[in-house]
Ligand code: FDA
């Protein structure tokens, strides 16, 4: 109840106050901020995936501008030898306005990453986007095999079937590369599992299927239970280090993150930056008021 009240009030709170909470999770507004955070993480033997904030645009001019920014980001981060790759949200390139246009932008970005021998991960957005994002990925995977990956959400009832469909997909010399996460959007119960443990169980079922089918797994979670169970599956299936990594969001559960790195597993941190941080933070919080408890701690306990 308190969480929901705080989440509802957020858009009306001063930006400066929201920043006190958000700065823990967002590198900053500019490319230099993203670079600085990435360098620090690289020094700790942690790779990054860079995300320019923004989503659900309302005009295609914004898509063009966002594409240019991503091309600049890829140029800059690769020339600075940052150990990392790139993540993007297709609705930032007009997915819900003009699918073809969105595909053209994504193709240009993935082509640029391929030219730099790098990699772009397509984030998965809410359920209205899932079919289209799966198709976009398949098309790009056929052309840029080792340079593009997708996110899969364990809370969706359809996910195991989607993964089974993928087990027949031509890999073109490079394994299919999926980041597996629980899923962050609020979806109806007809579409998504709601029970906490049920989502965990499906997460592990999906992960095991990925391992059995030799898919590369980005194990994206801060849930200690899932991390431990994932490690058991890695052991059970003798998954080589070249076929998985753990992933976490910037600023979340650093102790757990460091313990995974210390145990010798590859870790990648998702580093978001950009001017859109305010909309991003408030939208996430409105979607998921549970996170508001983290705001209370960030604002009042840690100053
Ligand atoms: P859970 O939410 O149960 O968190 C486990 C524990 O982690 C909590 O008990 C708490 O201690 C801590 N924690 C979690 N969030 C915290 C926070 N914000 N602040 C402080 N502590 C926190 N989703 C999606 O739909 N599409 C996508 O493309 C992506 N991409 C993505 C990339 C990466 C690298 C990660 C790690 C996550 C995503 N997600 C995502 C988000 C994902 O779906 C999910 O919502 C979050 O990871 C939270 O789920 P957990 O598995 O961490 O468990």
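One is the number of the first residue shown, and numbering goes on along the chain from there.
Positions of Cβ are set from backbone N, Cα and C atoms, glycine also.
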According to TrEMBL, 153, 221, 222 bind FAD; so which of 124, 210, 243 is the extra one listed there? 124
Span of the recorded substrate site, as the biggest CA-CA distance among 89, 283, 284 in Å, is 15
Pairwise CA distance, residue 124 (FAD binding site) versus residue 284 (substrate binding site), rounded so that it is a whole Å: 14
Residue 89 (substrate binding site) and residue 221 (FAD binding site), Cα-Cα, nearest whole angstrom: 19
These are the binding-site residues: 153, 221. Which one scores highest on other Cβ atoms within 10 Å? 153
